[in-house]
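Q: Quick one: the structure is below, questions incoming.
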Amino acid sequence: MLIVKKFGGSSVANKERVYNVAERILEDYKKGHKVVVVLSAQGDTTDELVAKAKEISSNPSRREMDMLLTTGEQQSVALMAMALENLGYPAVSLNAFQVAMRTTSVYSNARLKRIDAERIDAELERRNIVLVTGFQGINKYDDITTLGRGGSDTTAVALAAALNADRCEIFTDVDGVYTADPRVVKDAKKMDEITYDEMLELASLGAKVLHNRSVELAKKYGVELVVRSSLTQAEGTIVREECKVEKMLVSGVAADKNVARIAVIGIKDEPGKAFELFSLLGKHNINVDIILQSIGRKGTKDISFTVPRDALEEAKRLLEENLGKLAAQRLEHDDHVSKVSVVGAGMASNPGVAALMFESLYDADINIKMISTSEIKISVLIDERDTERALNAIHEGFKDRF
Ligand code: ADP
Ligand code: ASP
Ligand code: MG
């Protein structure tokens, strides 16, 4: 059997944790299985590297950021190889170059395009435990790229697909996927299983337990995932196409603080303006999410929308430069907002969900700034300071529907 195991940063944060993970790897290796392990940077290493860069420059280039951030994963795999060697087992660490994990060219948010299995296969044939750096790739210029924060999950799923693995296990610091972040909502319940579609929504809406691209890839290549704890033997949550149990109304709630709101005020009320506005942002790879357009007045209208908070400065700059072209009066922005969402495949045919969500927020005296809905989710934009209270209020409101 070929098994891909991924361990997150907290699972390898210090010497004890490194040896704990080494033992978990050996459980399978000793049974004769081939084991490929994907590791993240230890503990808060990636955040510390980001802080270090900010000390040097307020606006470092994305290329150099990727060069810097990927050093964290390289430390982890080398240290783990040393731990395994020390325990008397053969291991080899490989970075994205050595495996040959090719990505698109964009820095800081690259997508995996191709993985060569040759080197890993050869190492497995030699009975080596193969340790691969998560989060990183190589683009067509032979530069190092990263897959976006949390991207090691995606490395693991892509490897599982490329190697045709029999199992893909994502080990983290909680024992599965819960109906809400268990660190914020004490009553959150662990799910035994969840569908790709629901997990994809939850991950995209802020539940960082899995990188959203990893779920997308898992669905595309039919890789069944298990999310479980590196510290206990608890069963974990299976992420797959179909679930056995009947669909519940909602599967979970999630919050995302990487959001900012922009309002373009007094834009000319004529065909083509929305197209101009959003194509400008699209061309610069800025994702736009919730969009709201006011009713026109005196030949003008206002368009508000959300962008990732880390893209706010760039979006503002672009729009300021083009205010004239867009025939708009001015910009406003708010970067103290968050997006809270309810997700569930069962809600498509149930009109009561939105009302119940709004009632829960009303009971908690939380104001809604924007709303957006789709077949399987409802999101609201609120004041960032209300995030944790909102998650708890909504979770409580839906507690009999999970
Ligand atoms: P890792 O370093 O292992 O990749 P992450 O910090 O990226 O770990 O993800 C695990 C964290 O995700 C948990 O500690 C938890 O606080 C958070 N989380 C958010 N939403 C959920 C959820 N619905 N279920 C479980 N964990 C969640
Ligand atoms: N170390 C990277 C990060 O902190 C990748 C990961 O943990 O998945 O975002
Ligand atoms: Mg993670």
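Each residue, glycine too, has its Cβ placed from N, Cα and C.
The ATP binding site feature in TrEMBL is assigned to LYS6, PHE7, GLY8, GLY9, THR172, ASP173, TYR178, ARG183, LYS208, VAL209. Annotation comment: TrEMBL describes THR46, GLU73 as substrate binding site. Residues or ranges marked as domain 'ACT' in TrEMBL: 262-345.
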Q: Can you list which of the binding-site residues LYS6, THR46, THR172, TYR178, LYS208 have their Cβ under 6 Å from some atom of ligand 2?
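A: The binding-site residues passing the 6 Å Cβ test are THR46.
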Q: Check LYS6 (ATP binding site) against DSSP and tell me helix, strand or coil, would you?
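A: Note: LYS6 (ATP binding site) is in a strand by DSSP.
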Q: Cα distance, GLY8 (ATP binding site) to THR46 (substrate binding site), nearest Å?
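A: Pair distance, Cα basis, whole Å: 12 Å.
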Q: Helix, strand or coil: which one is LYS208 (ATP binding site) in, per DSSP?
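A: Once the DSSP labels are grouped into three classes, LYS208 (ATP binding site) ends up as coil.
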Q: Pick the one among the binding-site residues LYS6, LYS208 whose Cβ has the fewest other Cβ atoms within 10 Å in this structure.
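A: Lowest Cβ count within 10 Å among the binding-site residues (LYS6, LYS208) is LYS208.
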Q: According to DSSP, collapsed to three classes, what secondary structure does GLU73 (substrate binding site) have?
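A: For GLU73 (substrate binding site) - judged by DSSP and reduced to three states - the answer is helix.
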Q: Please report how many Å separate the Cα atom of TYR178 (ATP binding site) from that of GLU73 (substrate binding site), as a whole number.
A: 27
Q: Distance between THR172 (ATP binding site) and GLU73 (substrate binding site) at the Cα atoms, whole Å?
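A: Cα to Cα, THR172 (ATP binding site) and GLU73 (substrate binding site) are separated by 16 Å.
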Q: Who sits close to GLY8 (ATP binding site): which same-chain residues at least 6 apart have their Cβ under 8 Å from its Cβ?
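A: Counting only residues 6 or more apart in sequence, the Cβ neighbours of GLY8 (ATP binding site) under 8 Å are SER40, SER152, ILE170, PHE171, THR172, ASP173, SER230.
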Q: Which of the three DSSP states, helix, strand or coil, fits THR172 (ATP binding site)?
A: strand
